[in-house]
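Report on the following structure.
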Amino acid sequence: QHLFWFFGHPEVYILILPGFGMVSHIVAYYAGKKEPFGYMGMVWAMMAIGLLGFIVWAHHMFTVGMDVDTRAYFTSATMVIAIPTGVKVFSWLATLHGGAIKWETPLLWALGFIFLFTVGGLTGIVLANSSLDIVLHDTYYVVAHFHYVLSMGAVFAIMGGFVHWFPLFSGYTLHPTWSKIHFGVMFV
């Protein structure tokens, strides 16, 4: 199991990084800003998330009989990932603050991503606690956590990027009303 999760866990943190970049571009653009709030903090946060993903793999293995010190380490290390993640969410919201916001579809996808990612992150903090994780192991709570963060989160970021850059790549624009309806149906 250690071999599997040592590879498999960092992968999910790396998979979400392009979504972070797309959301940063979209939020800054539709807030009328040149760059996101706290640009260097965002860069360091992405690097920290990428690196911390390599030292928390065993939080997938709390139920296999690890000793208490090992569980305490992996609980703490997993919770530390919430700090750079919180920096990113705060910076996206701070970028929107005081901006001339254009409420177009890509921004809706980005805001949907921020909401879903935040809910998924809160469920992740609960699951990082090894005592609670043992109770919640193999339940829909865990399924909800990774679907909020990666399945829906990554899809919303990708859709935001697609809707934002599709006119640039193709020369065609998407119908604004139908694309907003598409977002609404996906969000519900």
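From the backbone N, Cα and C atoms, a Cβ is placed for every residue, glycine too.
Note that the structure is a prediction, hence the values are computed from the model and not measured.
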Swiss-Prot has His59, His60 down as binding Cu cation; which of His2, His9, His137 does it also list for that site?
His9
Are Trp103 and Thr173 on one side of the membrane according to Swiss-Prot?
yes
Six or more residues beyond either end and a Cβ under 8 Å away: which residues meet both conditions relative to the topological domain 'Mitochondrial matrix' (31-38)?
24, 87, 91-92, 94-97, 99-102
Rounded distance in angstrom between the Cα atoms of His9 (Cu cation binding site) and His145 (heme a3 binding site):
14
Tally the residues of the topological domain 'Mitochondrial matrix' (170-175) by DSSP class, grouping H, G and I as helix, E and B as strand, and everything else as coil.
1 helix, 0 strand, 5 coil
The one of Tyr13, His60, His137, His145 whose CB sees the fewest other CB atoms within 10 Å, among these binding-site residues:
His137
